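Scroll down for the structure; my scribbles are underneath it.
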Amino acid sequence: MGNCLYPVADDNSTKLAIKEDLLIDFPEDYYPDYNETDVEAAAPCHSCSLLNYSSLPFFILVSILGILASGTILYALLRPLFRWQLYQDRSTLVQLAVGSALFSIVVPILARGLSGALITSLCHLAHLVAYGSAFAQALLIGYHACLGPQLGAGQVPGLRLGVTVGLWGVAALLSLPVVLGSDTSQGLCTVTFSGEWETLRYIHAAACFAIFVLLPLGLLGTKGLKTVLGRAPCPWVDVLWVWFIFWWPQGMTLGLDSLVRSKAIVVSTCPAQQALDMLLDVAEALAILHCVATPLLLAWVCYQATHTSPPSLPLPTTQTSHLDTLGSKS
């Protein structure tokens, strides 16, 4: 088979060599005056994928490290000792660790180099778990930034279960386009969006752009606006926001690729198309690495929470007025 740089010669190359020997006797002025620029422009543009068959060790290594790291942080979060030491919303941190572990488990199925007779339903399930867990983690981080300390203090009883079911349900719905667009081609589990599923490509790109790009930008904008206006500290900034660094390029590149495919942006040169394909592979590799980084971020959150005092929350208006009344009486 060869590779992108050094293709292996086949029978056709021998035939071409014979034709060249036969045509060498013709005079140079026999050939018409072709424009070499037009010939190069008409040639097909071929990109060498970074995540090809040789990337299988990368997928397996990331999967093993992700499973070990996620299992370790889950064990730490579920220990009874943490129930009184951890001031953060522990259930949200546990869900983030579970999402990272689920993603780590299905990473080898998504590997380009893992060939074999994969059944289509397993491929669909792998993409559902991978993107469903990624969407859920993004929504959980946004939810934790807005309501985490309040829920940890027990000020919103009965809301935690409903929010959990709702967030994971929305994440599953957002992952349906990529699930339906995935297929087993030549024994590999890939996303093709072929045939009648072509429209789902743009829906999937829009979902990734909204969750992985617009959501963190919205959190940053809200935080900056409230800081300038001197309002409440929500959303709370913590190290979990680093998670979006791993998925933000994925949302951007998928959105750009959709614009190119829909002809909204015209890529007229082959190097530009090759650069876009390379960016897509780099963004995918960076997104895969999040399953190793997420447990480390959770470990840092736990370390900070167990070595600092619980966050101070603003008192409700009724409670503040009641305390003022007691102070005036005394």
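Every residue number used here counts from 1 along the chain in the order it is shown.
Heads up, the Cβ atoms here are built off N, Cα and C, so glycines get one too.
According to Swiss-Prot, Cys45 forms a disulfide bond with Cys270, chosen from Cys208, Cys234, Cys270. The disulfide partner of Cys123, as annotated in Swiss-Prot and taken from the candidates Cys48, Cys189, is Cys189. Relative to the membrane, Asp89 and Arg160 are listed by Swiss-Prot as lying on one and the same side. Taking the disulfide-bonded residues Cys123, Cys189, Cys270 in turn and counting surrounding C-beta atoms within 10 angstroms, the largest count is reached at Cys189. Two recorded stretches are said to be in contact when at least 3 C-beta pairs lie under 8 angstroms, sequence spacing 6 or more; the transmembrane segment (58-78) and the transmembrane segment (202-222) fall short of this definition.
Here the Cα atom of Cys189 (disulfide bond) is found 12 Å from that of Asn52 (N-linked glycosylation site). Note on Asn52 (N-linked glycosylation site): other Cβ atoms within 10 Å of its Cβ, all shown chains, come to 13. The DSSP breakdown of the topological domain 'Extracellular' (260-281) into helical (H, G, I), extended (E, B) and coil residues amounts to 14 helix, 0 strand, 8 coil.
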